[in-house]
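Take a look at the structure below.
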Amino acid sequence: MVTGNFNLEKLLKNLKKKTGKKAEILTMNEKVEKEDVVQNEANEQETVTKKNEEGDIVDKKDETPEVEEKIDKPETSTRKLEIHIAFLSEKYEADIGKVISKFEGVKTCKVDVENKKVVITGDFDEEKLWKELEEKMRKRIVKMEKEKKDDEPITKDEENEIDRGVYMNPSSDDEKEMARWMMFSDENPNACSIS
């Protein structure tokens, strides 16, 4: 719990930087000072009613609601970024969520495995986020690219050079029995070999 006068944004930024984890504001108690009450009462007295051309009574606030809303709301540069990731699956969901949620300025991160996309909202630098994702997920991205290359059609020249992965099992009983006795210790640590 933190009390006193301080800059909330700087405090959150320092907490995120020092701990490397996501920090959030759970509750915020604001003290109402006497000056604020006096200002609110003065604003209420300023709302004067007057008649418009049709004869209806209109408050002064109702005349320009758009201007007052813009003044009351501070501008934030919250953006929404949607990333499509081809290799997204359940086993990478947690890893990607961790990388993105630890990034500075990210407010929410939703990982949709079915549609293979990630939706990120917050105030962050897109280029830095891309670099961070590439850096952390490089091995997995390269792995998926290799798998995609294998799916491409093979020309006739390449067919002769490729090992088709066909291996014949020992056909005679002697070879099978010899293979049973000469088992490597890496495959079965409890086995013994008799030579």
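Don't overthink the numbers, they just go from 1 along the chain as shown.
Glycine too: its Cβ is placed from the backbone N, Cα and C atoms.
Feature annotations, reproduced from Swiss-Prot:
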type	residues	note
COMPBIAS	47-76	compositional bias 'Basic and acidic residues'
COMPBIAS	145-157	compositional bias 'Basic and acidic residues'
DOMAIN	78-149	domain 'HMA'
LIPID	CYS192	S-farnesyl cysteine
MOD_RES	CYS192	cysteine methyl ester
REGION	36-76	region 'Disordered'
REGION	145-172	region 'Disordered'
On the 0 to 100 scale, where does the mean pLDDT of the domain 'HMA' (78-149) fall?
77
With helix taken as DSSP H, G or I, strand as E or B and everything else coil, how many residues of the domain 'HMA' (78-149) land in each class?
36 helix, 19 strand, 17 coil
